[in-house]
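A.B. asks: Take this structure first; my questions come after.
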Amino acid sequence: MGGGMNSFMEKALPFAAMVMVECGEVSMITLGKAAMNDGLSNLVYVVYYNALGTIILLPNFIIHSCRNSRPPLTSSVLLKLFGLGLLGICLLQVCAYAGINYSSPTLAAALGNLIPAFTFLFSIIFRMEKFDVRKSTSQAKALGTIVAITGAFVMTFYQGPALFKTILGYDSHRNLLSSQESNWILGALLITITCICSSSWNVFQTATVKEYPDEVTVVFLFCCFGTIQSAIFTILLERNTGVWILDTRTEWVSIVFAAIFGTAIRSSVITWCLCKKGPVYVSMFKPISMVIAVIMGIMFLGDVLHLGSVIGAVVIGLGVYTVLWGQAKESKLAVDNISSLESSTETTPLIKK
(Lines of atoms letter the chains of each structure in order from A and count residues from 1; the text may use other names and numbers.)
(Lines give C-alpha, C1' and ligand atoms only; values in the text may rest on other atoms or scores of the structure.)
Protein backbone atom coordinates (compact mmCIF):
# COMPACT_ATOMS: atom_id res chain seq x y z
CA MET A 1 0.00 0.00 0.00
CA GLY A 2 2.77 2.38 1.02
CA GLY A 3 4.75 1.53 -2.12
CA GLY A 4 1.72 2.21 -4.32
CA MET A 5 1.12 5.57 -2.63
CA ASN A 6 4.79 6.51 -3.02
CA SER A 7 4.65 5.57 -6.70
CA PHE A 8 1.51 7.68 -7.17
CA MET A 9 3.05 10.69 -5.42
CA GLU A 10 6.24 10.30 -7.45
CA LYS A 11 4.18 10.69 -10.62
CA ALA A 12 1.57 13.17 -9.34
CA LEU A 13 3.87 15.72 -7.69
CA PRO A 14 5.99 16.55 -10.77
CA PHE A 15 2.82 16.66 -12.89
CA ALA A 16 1.02 19.06 -10.51
CA ALA A 17 4.17 21.15 -10.12
CA MET A 18 4.61 21.59 -13.88
CA VAL A 19 0.93 22.49 -14.42
CA MET A 20 1.31 25.14 -11.68
CA VAL A 21 4.48 26.42 -13.37
CA GLU A 22 2.74 26.83 -16.74
CA CYS A 23 -0.27 28.64 -15.20
CA GLY A 24 1.99 30.97 -13.25
CA GLU A 25 4.28 31.59 -16.21
CA VAL A 26 1.43 32.76 -18.43
CA SER A 27 0.22 35.05 -15.62
CA MET A 28 3.75 36.43 -15.28
CA ILE A 29 4.05 37.05 -19.03
CA THR A 30 0.63 38.72 -19.14
CA LEU A 31 1.46 41.04 -16.22
CA GLY A 32 4.85 41.80 -17.76
CA LYS A 33 3.23 42.74 -21.08
CA ALA A 34 0.76 45.00 -19.26
CA ALA A 35 3.66 46.72 -17.47
CA MET A 36 5.58 47.18 -20.74
CA ASN A 37 2.41 48.62 -22.25
CA ASP A 38 2.55 51.21 -19.42
CA GLY A 39 6.07 52.15 -20.49
CA LEU A 40 8.32 49.78 -18.51
CA SER A 41 11.48 48.79 -20.40
CA ASN A 42 11.63 45.04 -21.01
CA LEU A 43 15.34 45.08 -20.15
CA VAL A 44 14.77 46.86 -16.84
CA TYR A 45 11.90 44.49 -16.06
CA VAL A 46 14.20 41.45 -16.44
CA VAL A 47 16.87 43.02 -14.21
CA TYR A 48 14.49 44.13 -11.45
CA TYR A 49 12.52 40.93 -11.09
CA ASN A 50 15.60 38.69 -11.19
CA ALA A 51 17.41 40.90 -8.67
CA LEU A 52 14.43 40.81 -6.28
CA GLY A 53 14.01 37.07 -6.85
CA THR A 54 17.68 36.43 -6.05
CA ILE A 55 17.30 38.40 -2.80
CA ILE A 56 14.26 36.24 -1.93
CA LEU A 57 16.33 33.09 -2.58
CA LEU A 58 19.28 34.31 -0.45
CA PRO A 59 17.97 33.34 3.06
CA ASN A 60 17.16 29.80 1.91
CA PHE A 61 20.61 29.51 0.32
CA ILE A 62 22.33 30.67 3.55
CA ILE A 63 20.28 28.29 5.75
CA HIS A 64 20.89 25.42 3.33
CA SER A 65 24.64 26.12 3.26
CA CYS A 66 24.86 26.21 7.07
CA ARG A 67 22.84 23.04 7.66
CA ASN A 68 24.14 20.86 4.83
CA SER A 69 27.56 19.99 3.52
CA ARG A 70 27.58 20.66 -0.20
CA PRO A 71 30.00 19.41 -2.84
CA PRO A 72 32.98 21.70 -3.52
CA LEU A 73 32.36 24.44 -6.07
CA THR A 74 35.06 23.85 -8.65
CA SER A 75 35.96 26.35 -11.37
CA SER A 76 34.31 24.00 -13.90
CA VAL A 77 30.99 24.03 -11.99
CA LEU A 78 31.11 27.81 -11.52
CA LEU A 79 31.74 28.27 -15.24
CA LYS A 80 28.70 26.11 -16.04
CA LEU A 81 26.53 28.07 -13.59
CA PHE A 82 27.78 31.28 -15.21
CA GLY A 83 26.75 29.82 -18.57
CA LEU A 84 23.32 28.85 -17.21
CA GLY A 85 22.79 32.43 -16.06
CA LEU A 86 23.92 33.82 -19.41
CA LEU A 87 21.71 31.43 -21.39
CA GLY A 88 18.68 31.18 -19.09
CA ILE A 89 18.36 34.78 -17.89
CA CYS A 90 20.47 37.27 -19.82
CA LEU A 91 19.84 35.85 -23.30
CA LEU A 92 16.59 33.88 -22.91
CA GLN A 93 14.56 36.35 -20.86
CA VAL A 94 15.80 39.46 -22.65
CA CYS A 95 14.83 37.95 -26.03
CA ALA A 96 11.55 36.61 -24.59
CA TYR A 97 10.27 39.92 -23.25
CA ALA A 98 11.53 41.85 -26.27
CA GLY A 99 9.54 39.43 -28.43
CA ILE A 100 6.46 39.73 -26.21
CA ASN A 101 6.78 43.52 -26.32
CA TYR A 102 6.66 43.38 -30.13
CA SER A 103 3.84 40.79 -30.31
CA SER A 104 1.61 39.33 -27.59
CA PRO A 105 1.58 36.79 -24.72
CA THR A 106 -0.68 34.55 -26.83
CA LEU A 107 1.94 34.28 -29.59
CA ALA A 108 4.64 33.64 -26.98
CA ALA A 109 2.63 30.80 -25.45
CA ALA A 110 1.83 29.30 -28.86
CA LEU A 111 5.43 29.37 -30.07
CA GLY A 112 6.44 27.97 -26.68
CA ASN A 113 5.03 24.68 -27.98
CA LEU A 114 8.24 24.44 -30.02
CA ILE A 115 10.24 23.83 -26.84
CA PRO A 116 9.43 20.07 -26.62
CA ALA A 117 10.55 19.60 -30.24
CA PHE A 118 13.78 21.55 -29.79
CA THR A 119 14.43 19.81 -26.45
CA PHE A 120 14.05 16.45 -28.19
CA LEU A 121 16.59 17.49 -30.85
CA PHE A 122 19.12 18.70 -28.28
CA SER A 123 18.56 15.58 -26.15
CA ILE A 124 19.50 13.45 -29.17
CA ILE A 125 22.57 15.59 -29.90
CA PHE A 126 23.77 15.27 -26.28
CA ARG A 127 22.74 11.58 -26.12
CA MET A 128 20.05 11.99 -23.48
CA GLU A 129 17.50 10.43 -25.86
CA LYS A 130 17.91 7.35 -28.06
CA PHE A 131 17.08 7.60 -31.76
CA ASP A 132 16.83 4.64 -34.16
CA VAL A 133 15.51 5.57 -37.61
CA ARG A 134 14.21 2.01 -38.13
CA LYS A 135 11.82 2.18 -35.16
CA SER A 136 8.31 3.61 -35.48
CA THR A 137 8.72 5.48 -32.18
CA SER A 138 11.81 7.31 -33.45
CA GLN A 139 10.07 8.03 -36.76
CA ALA A 140 7.09 9.51 -34.87
CA LYS A 141 9.37 11.77 -32.82
CA ALA A 142 11.23 12.98 -35.91
CA LEU A 143 8.00 13.61 -37.84
CA GLY A 144 6.44 15.40 -34.87
CA THR A 145 9.46 17.69 -34.58
CA ILE A 146 9.22 18.66 -38.27
CA VAL A 147 5.45 19.26 -38.00
CA ALA A 148 5.88 21.44 -34.89
CA ILE A 149 8.53 23.60 -36.56
CA THR A 150 6.26 23.96 -39.62
CA GLY A 151 3.47 25.22 -37.34
CA ALA A 152 5.83 27.81 -35.89
CA PHE A 153 6.58 29.11 -39.39
CA VAL A 154 2.83 29.40 -40.05
CA MET A 155 2.33 31.44 -36.86
CA THR A 156 5.32 33.64 -37.62
CA PHE A 157 4.63 34.57 -41.23
CA TYR A 158 0.83 34.25 -41.52
CA GLN A 159 -1.28 36.29 -39.13
CA GLY A 160 -4.56 36.10 -41.03
CA PRO A 161 -7.89 37.79 -40.27
CA ALA A 162 -9.17 38.32 -36.74
CA LEU A 163 -11.57 35.55 -35.73
CA PHE A 164 -13.17 37.59 -32.96
CA LYS A 165 -12.21 40.66 -31.00
CA THR A 166 -11.82 41.29 -27.33
CA ILE A 167 -14.88 41.04 -25.11
CA LEU A 168 -13.89 44.41 -23.65
CA GLY A 169 -15.10 46.08 -26.85
CA TYR A 170 -11.94 47.72 -28.14
CA ASP A 171 -12.97 48.18 -31.76
CA SER A 172 -11.15 51.40 -32.50
CA HIS A 173 -7.71 49.84 -32.61
CA ARG A 174 -6.47 46.40 -33.48
CA ASN A 175 -5.13 45.37 -30.15
CA LEU A 176 -4.13 47.10 -26.95
CA LEU A 177 -0.97 45.07 -26.72
CA SER A 178 0.01 44.13 -30.29
CA SER A 179 2.30 46.13 -32.54
CA GLN A 180 2.42 46.67 -36.28
CA GLU A 181 2.59 43.56 -38.49
CA SER A 182 6.32 44.02 -39.12
CA ASN A 183 6.91 44.08 -35.37
CA TRP A 184 4.74 40.95 -35.03
CA ILE A 185 7.17 39.04 -37.29
CA LEU A 186 10.19 40.39 -35.38
CA GLY A 187 8.51 39.40 -32.11
CA ALA A 188 7.84 35.89 -33.41
CA LEU A 189 11.48 35.49 -34.48
CA LEU A 190 12.72 36.65 -31.06
CA ILE A 191 10.35 34.25 -29.29
CA THR A 192 11.55 31.39 -31.53
CA ILE A 193 15.13 32.21 -30.49
CA THR A 194 13.85 32.11 -26.90
CA CYS A 195 12.45 28.61 -27.46
CA ILE A 196 15.83 27.41 -28.75
CA CYS A 197 17.55 28.96 -25.71
CA SER A 198 15.00 27.42 -23.33
CA SER A 199 15.46 23.95 -24.83
CA SER A 200 19.24 24.27 -24.63
CA TRP A 201 18.93 25.49 -21.04
CA ASN A 202 16.76 22.49 -20.06
CA VAL A 203 19.38 20.05 -21.35
CA PHE A 204 22.33 22.05 -19.94
CA GLN A 205 20.65 22.44 -16.54
CA THR A 206 19.91 18.69 -16.33
CA ALA A 207 23.56 17.86 -17.04
CA THR A 208 24.77 20.45 -14.51
CA VAL A 209 22.54 19.16 -11.69
CA LYS A 210 23.75 15.61 -12.37
CA GLU A 211 27.34 16.80 -12.05
CA TYR A 212 26.63 19.05 -9.04
CA PRO A 213 23.60 17.56 -7.19
CA ASP A 214 22.79 20.53 -4.97
CA GLU A 215 19.67 22.13 -6.46
CA VAL A 216 19.45 25.04 -3.99
CA THR A 217 23.01 26.17 -4.72
CA VAL A 218 22.60 25.71 -8.48
CA VAL A 219 19.39 27.79 -8.59
CA PHE A 220 20.74 30.61 -6.40
CA LEU A 221 24.07 30.97 -8.19
CA PHE A 222 22.76 30.85 -11.75
CA CYS A 223 20.07 33.43 -10.80
CA CYS A 224 22.75 35.61 -9.22
CA PHE A 225 25.04 35.35 -12.26
CA GLY A 226 22.15 35.97 -14.66
CA THR A 227 21.01 39.06 -12.75
CA ILE A 228 24.49 40.61 -12.85
CA GLN A 229 24.89 39.81 -16.56
CA SER A 230 21.48 41.24 -17.51
CA ALA A 231 22.15 44.38 -15.40
CA ILE A 232 25.43 45.03 -17.23
CA PHE A 233 23.71 44.38 -20.57
CA THR A 234 20.88 46.81 -19.71
CA ILE A 235 23.25 49.56 -18.52
CA LEU A 236 25.12 49.33 -21.84
CA LEU A 237 21.93 49.49 -23.95
CA GLU A 238 19.63 51.79 -21.93
CA ARG A 239 21.29 55.21 -21.91
CA ASN A 240 18.24 56.95 -20.45
CA THR A 241 18.44 56.67 -16.64
CA GLY A 242 14.74 57.51 -16.38
CA VAL A 243 13.80 53.98 -17.51
CA TRP A 244 14.87 52.65 -14.09
CA ILE A 245 12.10 54.59 -12.31
CA LEU A 246 8.85 52.67 -11.71
CA ASP A 247 5.83 54.91 -12.19
CA THR A 248 2.72 52.74 -12.05
CA ARG A 249 1.22 50.12 -9.74
CA THR A 250 1.13 47.64 -12.65
CA GLU A 251 4.92 47.88 -12.98
CA TRP A 252 5.43 47.19 -9.26
CA VAL A 253 2.95 44.31 -9.17
CA SER A 254 4.43 42.65 -12.28
CA ILE A 255 7.98 42.82 -10.90
CA VAL A 256 7.05 41.49 -7.44
CA PHE A 257 4.96 38.66 -8.90
CA ALA A 258 7.70 37.72 -11.39
CA ALA A 259 10.33 37.78 -8.63
CA ILE A 260 8.34 35.52 -6.30
CA PHE A 261 7.04 33.15 -8.94
CA GLY A 262 9.41 33.45 -11.90
CA THR A 263 12.72 33.45 -10.06
CA ALA A 264 12.14 31.95 -6.60
CA ILE A 265 9.42 29.34 -7.27
CA ARG A 266 9.60 28.55 -10.99
CA SER A 267 13.39 28.15 -11.15
CA SER A 268 13.41 25.85 -8.11
CA VAL A 269 10.48 23.72 -9.32
CA ILE A 270 11.84 23.31 -12.84
CA THR A 271 15.30 22.39 -11.56
CA TRP A 272 13.73 19.77 -9.26
CA CYS A 273 11.60 18.35 -12.09
CA LEU A 274 14.57 18.28 -14.46
CA CYS A 275 16.48 16.27 -11.86
CA LYS A 276 13.56 13.87 -11.28
CA LYS A 277 12.13 13.47 -14.79
CA GLY A 278 14.54 14.93 -17.33
CA PRO A 279 14.35 17.76 -19.90
CA VAL A 280 11.80 16.20 -22.27
CA TYR A 281 9.24 15.66 -19.47
CA VAL A 282 9.53 19.30 -18.37
CA SER A 283 9.09 20.61 -21.91
CA MET A 284 5.96 18.52 -22.64
CA PHE A 285 3.76 20.81 -20.52
CA LYS A 286 4.23 23.83 -22.80
CA PRO A 287 1.01 23.23 -24.84
CA ILE A 288 -1.05 23.89 -21.68
CA SER A 289 0.13 27.50 -21.64
CA MET A 290 -1.43 28.20 -25.06
CA VAL A 291 -4.99 27.72 -23.80
CA ILE A 292 -4.36 29.79 -20.66
CA ALA A 293 -2.72 32.60 -22.66
CA VAL A 294 -5.58 32.85 -25.16
CA ILE A 295 -8.18 33.09 -22.38
CA MET A 296 -6.21 35.65 -20.34
CA GLY A 297 -5.22 37.69 -23.39
CA ILE A 298 -8.79 38.05 -24.63
CA MET A 299 -10.35 38.62 -21.20
CA PHE A 300 -7.87 41.00 -19.58
CA LEU A 301 -5.55 42.50 -22.20
CA GLY A 302 -7.73 43.25 -25.20
CA ASP A 303 -5.97 40.62 -27.30
CA VAL A 304 -7.28 39.60 -30.73
CA LEU A 305 -7.27 35.97 -31.86
CA HIS A 306 -6.11 35.58 -35.49
CA LEU A 307 -6.62 32.69 -37.90
CA GLY A 308 -2.87 32.22 -38.40
CA SER A 309 -2.37 31.79 -34.65
CA VAL A 310 -5.09 29.12 -34.48
CA ILE A 311 -3.81 27.17 -37.52
CA GLY A 312 -0.21 27.38 -36.34
CA ALA A 313 -1.10 26.36 -32.78
CA VAL A 314 -3.07 23.33 -34.00
CA VAL A 315 -0.18 22.23 -36.25
CA ILE A 316 2.35 22.75 -33.44
CA GLY A 317 0.11 20.83 -31.02
CA LEU A 318 -0.16 17.89 -33.43
CA GLY A 319 3.60 17.83 -33.82
CA VAL A 320 4.24 18.04 -30.09
CA TYR A 321 1.85 15.25 -29.20
CA THR A 322 3.27 13.07 -31.98
CA VAL A 323 6.67 13.46 -30.31
CA LEU A 324 5.16 12.71 -26.90
CA TRP A 325 3.34 9.64 -28.27
CA GLY A 326 6.64 8.32 -29.60
CA GLN A 327 8.32 8.86 -26.24
CA ALA A 328 5.48 7.26 -24.28
CA LYS A 329 5.47 4.24 -26.61
CA GLU A 330 9.23 3.95 -26.30
CA SER A 331 9.05 4.06 -22.48
CA LYS A 332 6.33 1.39 -22.45
CA LEU A 333 8.37 -0.90 -24.71
CA ALA A 334 11.40 -0.46 -22.44
CA VAL A 335 9.33 -1.37 -19.34
CA ASP A 336 7.82 -4.39 -21.14
CA ASN A 337 11.27 -5.60 -22.18
CA ILE A 338 12.57 -5.33 -18.61
CA SER A 339 9.51 -7.20 -17.25
CA SER A 340 9.91 -9.89 -19.90
CA LEU A 341 13.59 -10.29 -19.09
CA GLU A 342 12.90 -10.55 -15.35
CA SER A 343 10.14 -13.11 -15.97
CA SER A 344 12.37 -15.29 -18.15
CA THR A 345 15.16 -15.10 -15.57
CA GLU A 346 12.82 -16.30 -12.81
CA THR A 347 11.45 -19.26 -14.82
CA THR A 348 14.78 -20.48 -16.22
CA PRO A 349 16.40 -23.16 -13.97
CA LEU A 350 19.91 -22.40 -12.81
CA ILE A 351 21.15 -26.00 -13.32
CA LYS A 352 20.06 -28.10 -16.25
CA LYS A 353 19.52 -31.80 -15.58
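Glycine is no exception: its Cβ is also placed from the backbone N, Cα and C atoms.
I grabbed these lines from TrEMBL:
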DOMAIN    29-156  domain 'EamA'
TRANSMEM  47-66  transmembrane segment
TRANSMEM  78-100  transmembrane segment
TRANSMEM  106-128  transmembrane segment
TRANSMEM  140-164  transmembrane segment
TRANSMEM  184-204  transmembrane segment
DOMAIN    186-324  domain 'EamA'
TRANSMEM  216-237  transmembrane segment
TRANSMEM  252-274  transmembrane segment
TRANSMEM  281-301  transmembrane segment
TRANSMEM  307-324  transmembrane segment
A.B. asks: Checking distant contacts: for the transmembrane segment (252-274), what same-chain residues at least six beyond its ends satisfy Cβ-Cβ under 8 A?
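C.D. replies: Counting only partners 6 or more residues beyond its ends, the transmembrane segment (252-274) has Cβ contacts under 8 Å with 14, 17-18, 20-21, 24-25, 27-28, 31-32, 34-35, 40, 45, 48-54, 56-57, 202, 205-206, 209, 215-216, 218-219, 222-223, 246, 281-282.
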A.B. asks: Take the transmembrane segment (47-66) and find every residue of the same chain, 6 or more past its ends, with a Cβ under 8 Å from one of its Cβ atoms.
C.D. replies: 89, 93, 216-217, 219-220, 223-224, 226-227, 230-231, 234, 246, 254-256, 258-260, 262-264, 267-268
A.B. asks: How about the transmembrane segment (140-164) with the transmembrane segment (216-237) - do they touch, taking at least 3 C-beta pairs under 8 Å (6 or more apart in sequence) as contact?
C.D. replies: no
A.B. asks: Could you give me the DSSP helix, strand and coil counts for the domain 'EamA' (29-156)?
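C.D. replies: Breakdown, helix to coil: 103 helix, 0 strand, 25 coil.
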A.B. asks: Using Cβ atoms and a strict cutoff of less than 8 Å, what residues sit near the transmembrane segment (78-100) while being 6 or more residues removed from its termini?
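C.D. replies: Apart from its flanks, the transmembrane segment (78-100) reaches 29, 32-33, 36, 42-43, 45-46, 50, 107-108, 186-191, 193-194, 197-198, 200-201, 204-205, 208, 211-212, 218, 221-230, 233.
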A.B. asks: Counting each residue once, how many in the domain 'EamA' (186-324) are helix, strand and coil under DSSP?
C.D. replies: 120 helix, 2 strand, 17 coil
